Amino acid sequence: IPTYEECKNTAAWLLDQQPFRPLLGIVCGSGLGGLADLLKDQKVMSYSEIPHFPQSTVQGHAGKLVFGSLKGTPCVCMQGRFHLYEGHHIQKITFPMKIFKLMGVETVILTNAAGGLNQEYNVGDIMIIKDHINLPGFAGINPLMGPNDERFGLRFPAMSDAYDRELQQLAEKVAIDLGYKEFIRRGVYCTLTGPSFETIAECRMLSMIGADAVGMSTVHEVIAARHCGMRVFAFSLITNQAVMDYDTDMKATHDEVLQTGKDRAHQLEALVATMVPLIKQSKTH
Ligand SMILES: O=P(O)(O)O[C@H]1O[C@H](CO)[C@@H](O)[C@H]1O
Ligand code: HPA
């Protein structure tokens, strides 16, 4: 488990290596690493060279930290995130959020690939996350378990306002202006640990408890980011339909997940690129 001092060291090391003082952090979901291409004057670091950083092991997650400027906003972008099923300690999964905070990041945009549970959703839809269900949390898996370091945040942080409502509205408006009305959604994301995809009975249960999409990430990062006071915006790309029915041969595959990411890359990039300059930061740069 990384200590506060180790987090400080990593943040200082990163600031030392390159000229950007990022105000915005981006996390790329499976197959969505192309978002990093939005950044100009890139400075790219491999996770393996960054002190205390875990390594990416999943296809579609390059394992690179990219610094750069997006229409004038200094950004840091994780091309590759960490998942519980890779065997990382939960506090390693959220370690980059602490590093973001200590580098001065104010707003985090998280993206993921997810299975659509809501029957009205189609593959390729973009779902603005309005809330989450931390199902592993019900079984005692929460990134804030253990001693609380007040330098990051409160022992008992609220999560009822985890997903910034102003940013949700902004994203919806930008999406409509870009002509995405037909495939922009707003819904609830539920995380599971994976790596096995869900059974039919599990998908039915998740839908009944109020989830619109299911994945294996994001929620832990969101909890950590909110704990240390960053604003959070997140969206899911619906890369596949969750299987809800015994009369079908349909099944989830990571290949389909990556393929949908490729197909929608252009629209996701346009959404983020249009949104970012409209996000007000408290600091000037
Ligand atoms: O959540 P991201 O990292 O986008 O990836 C999603 O896609 C993978 C499964 O295909 C899982 O890792 C799931 O969490
Ligand atoms: O159907 C899914 N289930 C869980 N995680 C996922 N990530 C992409 N698609 C899915």
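Keep in mind that glycine also has a Cβ here, set from the backbone N, Cα and C atoms.
Keep in mind that TrEMBL annotations are predicted by a computer and have not been checked by a curator.
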Per TrEMBL, member of SER30, SER160, SER196 binding phosphate alongside HIS61, ARG81, PHE82, HIS83, ALA113, SER217: SER30
Which same-chain residues, if any, lie at least 6 apart from GLU198 (purine D-ribonucleoside binding site) yet have Cβ under 8 Å of it: GLY115, LEU192, LEU206, VAL214, ALA242, VAL243, ALA252
Cβ-based neighbourhood (8 Å from the centroid) of the phosphate site, residues SER30, HIS61, ARG81, PHE82, HIS83, ALA113, SER217 excluded: GLY29, VAL58, GLY60, GLY80, ASN112, MET216
Model confidence over the domain 'Nucleoside phosphorylase' (24-276), averaged pLDDT: 95
Farthest-apart CA atoms of SER30, HIS61, ARG81, PHE82, HIS83, ALA113, SER217, residues recorded for phosphate, distance in Å: 13
Residues near ASN240 (purine D-ribonucleoside binding site) in space but at least six apart in sequence (CB under 8 A): GLY115, GLY116, VAL123, ALA252, THR253, GLU256, VAL257, THR260
C-beta crowding around ALA113 (phosphate binding site), within 10 angstroms: 25
